[in-house]
């Protein structure tokens, strides 16, 4: 197969591993800088150009689109879909998963366990919003934040009011969530490919920190997940329409709660923790399910 990898940086661990795994299995792997791809939108035959040449003959595309380039990245991916190239994850599903609030609304509608979450626009509604999620301590999140940036734990209601008013004053969209104390600063990253959790790891926040992101100094270890956690991760990925996803789950007193569904999960932490060839499993998924003109949405939506 001829497989495109949409990535800003060919030296990133995840990009490198996907290229290695594809080549090991005899595929032609081409890394394309997402922001250097350009297209004629109105042409009769959908096309993408890259460094002066048309991109042709691809069977599948692996999007590794960073949060900051979601809009342009999804436009490029949509064009690939319109050309009949099979996407590992579809543009619609990626755009959906990048909108944190919409993701939670979709997951909630399907009855998937979530922390109590509030959303408001006006500072006048802050006291009621805090009460809605059960009071302090609580977590405030910027909707545009990634890798734990823009996530604040407020120990008191006074602190929560100050932080909320500051964010709202800066015209940021924020959501407020109950703090799951019993999770003890740990979460579980379940790596879903197709309809299977192929690997999972526990991420523990550094001492004095509550955010378990590895980018924030958290540590990772092996963990055995329960059947309920496995099913929750698979269902969450399915609701979002993602073939490959990193589903972050908290263990609470009332079962697994989904924190986030990531459409472009990193491979370094999960591969080094579990010793599994995740990149190889992703390529095998493409071999089994990919191929020209198998894109479900064909770039619509």
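Every residue, even glycine, has its Cβ placed from backbone N, Cα and C.
Among the features that Swiss-Prot reports, domain 'ATP-grasp' is placed at 104-287. Taken from Swiss-Prot, the feature ATP binding site applies to 141, 178, 179, 187, 211, 212, 213, supported by sequence analysis. The Mg(2+) 1 binding site annotation in Swiss-Prot covers 248, 260 and is backed by sequence analysis. Positions annotated as Mn(2+) 1 binding site by Swiss-Prot, on the basis of sequence analysis: 248, 260. Residues annotated as Mg(2+) 2 binding site in Swiss-Prot, with sequence analysis given as evidence: 260, 262. Annotation comment: Swiss-Prot describes 260, 262 as Mn(2+) 2 binding site, evidence class sequence analysis.
Feature map: Swiss-Prot annotations on the structure.
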residue: 141; record: ATP binding site; Cβ neighbours (10 Å): 22
residue: 178; record: ATP binding site; Cβ neighbours (10 Å): 19
residue: 179; record: ATP binding site; Cβ neighbours (10 Å): 18
residue: 187; record: ATP binding site; Cβ neighbours (10 Å): 24
residue: 211; record: ATP binding site; Cβ neighbours (10 Å): 20
residue: 213; record: ATP binding site; Cβ neighbours (10 Å): 20
residue: 248; record: Mg(2+) 1 binding site; Cβ neighbours (10 Å): 21
residue: 260; record: Mg(2+) 1 binding site; Cβ neighbours (10 Å): 19
residue: 262; record: Mg(2+) 2 binding site; Cβ neighbours (10 Å): 21
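Averaged across the domain 'ATP-grasp' (104-287), pLDDT for the predicted model comes to 91. Ranking the binding-site residues 141, 178, 211, 213, 262 by Cα distance from residue 248 (Mg(2+) 1 binding site) puts 262 first. Taking the C-alpha positions, the distance from residue 260 (Mg(2+) 1 binding site) to residue 213 (ATP binding site) comes to 12 Å.
For residue 262 (Mg(2+) 2 binding site) paired with residue 187 (ATP binding site), the C-alpha to C-alpha distance reads 14 Å.
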